[in-house]
Each structure stands twice: as C-alpha cells, then as structure tokens.
Amino acid sequence: GTSRQIPQTIIIGVRKGGTRALLEMLDIHPNIVVAATEVHFFDWDENYMKGIDWYRNLMPFSYGNQITIEKTPGYFTSPQAPGRIHDMNSSIKLLLILRDPTERVISDYTQVYYNRVESHKPVQLFEDIVIKNGVLNTKYKAIQRSLYDVHMEKWLKHFSLNQIHIVDGNTLIKDPLPELQKVERFLNLPSRIVSSNFYFNQTKGFYCIRSDGRERCLHESKGRPHPLVNSTVLEQLYSYFREHNAKFYRMVNHSFDWH
C-alpha cells in the first residue's frame, strides 16, 4: 500500500543552517518520510533535465497519510529553484532554516576547511579569505549565501509568505522541541514529537535523537569547532549584514536574535 510520492514539503535551505538536523528530527514523526540524500533536482540543470519521474524515483516509499520531505540546502540561493518548484506544485509548503549570517559564514568556511585538510589540499586562514586589501571580500561565496534578503526576494516572487515557514536554526540546536512543534502545526500534522525524543550529548555539545528505541546523533562532520575569528573581522561582518538582516526582518515580518 505504499508508493513513491513527489515531496509535499521541501527544506530549501540554507546551507550550514541546520538542514540535516531539521530533517533527522522531523523523521521522528510517524506521518513524515524523508529522502535519504540531497537530490539537487531544482538547482542542478543536469538533474532537472532528467525529468519529474527521475525525481520521484529518488523518494522513499510512503503511505497515503504520510508527507514526503526532501532537503537540498542549495535551493535557497539558486536563481532557478523557486520558479521550477512553483511549476511543479504552486501550493507546496516550504521549510527554510536560518541562523545568524555571520555564524553561517564561519560554519561554511569550517566545512570547506576540513574537506580540504582531509583531501590534503592547501588551506587559508578565515581572515585571509574574508578580508582582501583591508576590506571585506563581499564576493566570497559564503558571504553571498548569507544575504538572506537577496535570496528571499526571489522566493517571494513565486510563493506567498504563508507557504514558507522559517525555522530558527540557532534555537533548534539549543532547544529543538518548540521549533519542531511549530513545523508540525505548519504542516497540519498531529503533535507527535515530544521532549523524550531528545537528549543532550555532553561530548558533542548538541542534542541527539531518541526514537523507536534507538539513539542517534548527527554525523561527526556536524558541530565541528569553529576557528577563533579576529574580533575586528567579526565586527566588519556584523556591520555588513546588519542592513541586510533588517531588510529581511521586514520582508518576513519577524525578527531574529542575530548580530
């Protein structure tokens, strides 16, 4: 009695915002099934050209009372993704998880740093990438990805604000349950995720998941220590994002506790 369904909900981003944590935590819910991998259907032309049946075949099997969710963080910053998703289903519900944009830049750098170290490639200090000739390198991709107002503008051309639920990534890590309950309500699902589904792992420094008698934590690549960043550089980043953040708050009628 199961079949593969095109997702009724997509986690559209943002990269290093907590998309994996959100997906794994939502997977606790009996009415949710999740795609195992990032599909990159709407942001990669070579995948999009394979067609909707190719996309559907990458989804898990689900029952009629279950919602299928996929997550690809690259969608949020992709120029093509909003229109393509709208063409597939104009009434779809979207989940967007965001965190402090400066923290997100540092986390983005950290991931690339460790990937380069593991591949025995040369690495640069954070400050040497972010600052060029004494000024902020605003062309750095990680900074571009944190301009939430710029990207959100593209999504709001195709979807109404009530179709996009924003999850506070900073809060999800510190206290997951309230954020997940908001998602349950947004998706019109019965409340099934409870506090006993989470326990704080002292070693890792974040919450892990307990469900179906099993305990699991996010992959070891999550929660890696960030480099200590020069305070002057931090201030330059805070200052640069301030105006963009204010514009974003106005767009979504909601403020966040960001620098």
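Just so it is clear, glycine is given a Cβ too, placed from its N, Cα and C backbone atoms.
TrEMBL entries are annotated by machine, without manual review.
Quick look at what TrEMBL annotates:
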- 7-244: domain 'Sulfotransferase' (DOMAIN)
- Lys16: active site, for sulfotransferase activity (ACT_SITE)
- Lys16, Gly17, Gly18, Thr19, Arg20, Arg99, Ser107, Tyr207, Lys222, Gly223, Arg224, Pro225, His226: 3'-phosphoadenylyl sulfate binding site (BINDING)
- Cys208-Cys217: disulfide bond (DISULFID)
Inter-residue Cα distance where the pair is Cys217 (disulfide bond) and Arg20 (3'-phosphoadenylyl sulfate binding site), in Å: 11
Binding-site residues compared (Arg20, His226) - the one with the fewest other Cβ atoms within 10 Å: His226
Number of other Cβ atoms within 10 Å of the Cβ of Ser107 (3'-phosphoadenylyl sulfate binding site) across all protein chains: 22
For Cys208 (disulfide bond), the number of other Cβ atoms found within 10 Å of its own Cβ: 16
For Arg224 (3'-phosphoadenylyl sulfate binding site): intrachain residues, at least 6 apart, with Cβ closer than 8 Å: Thr110, Gln111, Tyr114
Sparsest-packed among the recorded positions, when each Cβ's other Cβ atoms within 10 Å are tallied, from Lys16, Gly18, Cys217: Cys217
Among Lys16, Gly18, Ser107, His226, which are recorded as recorded positions, the nearest neighbour of Cys208 (disulfide bond) by Cα: Gly18
Inter-residue Cα distance where the pair is Cys217 (disulfide bond) and His226 (3'-phosphoadenylyl sulfate binding site), in Å: 19
Local confidence of the prediction over the domain 'Sulfotransferase' (7-244), expressed as mean pLDDT: 95
